[in-house]
Amino acid sequence: MSPATTALFFLLLLFSTSNAHNITRILAKHPEFSTFNHYLTLTHLASEINRRETITVLALNNAAMSSLLSKQLSLYTLKNVLSLHVLVDYFGSKKLHQITNGTALTSTMFQASGAAPGSSGYINITDLKGGKVGFGAENNDGNLDAVYVKSVAEIPYNISVLQISQVLNSAEAEAPTAEPSKLNLTEIMSKQGCKAFADLLIASGADATFNENIDGGLTVFCPTDPVIKDFMPKYKNLTASKKVSLLLYHGVPVYQSMQMLKSNNGIMNTLATDGANKYDFTIQNDGEVVTLETKVMTAKITGTLKDEEPLIVYKINKVLLPRELYKPVEAPAESPKPSKSKSKSKHKIADAPESDAPAESDPADDQTADNDNGVAGLDGRRLVMGMLSLCIGVLLM
């Protein structure tokens, strides 16, 4: 392959990967959409938006969301209403004013969900006098409830985020939606090789915190029964509050599929995270093998017990030990022996003191987490500039 062809290949790869979007991060830059952003995450629409390659989000500011929330709709009905504001086609601000014949009918994620009866999941977009653009649900007697306000963000033909003036009315979207059957976390774990861990959750009362987080999205890392059996002597030495912290350390308050874990390596907060007490760990993968690194030890995901969004439960081969409760301790120094090679220091894991104060850690070891759902990511702009410089250099050779 010639240098020019190689450079072209890298450029194409670069632009295809740099166009990946994250609606949570986009809206986080605009505090006037914080409520809308919160409910996209809570209803799991954010992850669905991020998985699609061509999408338009009709964003509602905090005032418009306050009006919607005043209707006191259930979370499941609210998801239908918000999904009506996500178009499965690309409409940038320029395209809005160049609609063929001045009007267009486009499908939404509400229509794609299969929950919309008939064509109630379609939106009518119409160019109006004075440069205005109107939006209305197809089943709303031709009424255009909202108008275009401004473009919030656009990645051409990938994602467009447009602010509209108010909520789109739809009797079908606002119809009461049956709540899905409740998932019994401890029962799921007990039946599939994690009964010992489930019993600890119930005995400590930590199961209540896990259950409270299921609807909003929950990832659980469950040590298997033999692992818990071997760990029990250490567990019994912990105070009651430390036992709860240790157990909560095995839950992450967001749904993370295996593919998401592989593509989002980095620091992840847990149910035990509380201010300065970080209780975080790092996700890493080597091909198909995904590991959890706590700076004290490393555990490996060995299987999936349950994957039914918003809940996913993984099996792991070790109990996760947070550095707030355990820390590596240097072994006693041995008498120096003449050797040409440098000796490696050995570590062992020690229990933390019985006080509830967190174990000391080296501040240099601390890492700053990307606060988007507790996952750290790569600085995309640096990657883009680095790859672009490399490709230009190859072309000039």
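Placed from the backbone N, Cα and C atoms, the Cβ positions cover glycine too.
Under the heading signal peptide, TrEMBL lists 1-20.
Confidence in the domain 'FAS1' (20-168), given as mean pLDDT, stands at 93. Look at TrEMBL and you will find 20-168 (among others) tagged as domain 'FAS1'.
The domain 'FAS1' feature in TrEMBL is assigned to 181-320 (among others). Counted with DSSP, the domain 'FAS1' (181-320) comes out as 49 helix, 41 strand, 50 coil.
Among the features that TrEMBL reports, region 'Disordered' is placed at 330-376.
The compositional bias 'Acidic residues' annotation in TrEMBL covers 353-369.
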| Helix, strand and coil residues within the domain 'FAS1' (20-168) as assigned by DSSP | 56 helix, 40 strand, 53 coil
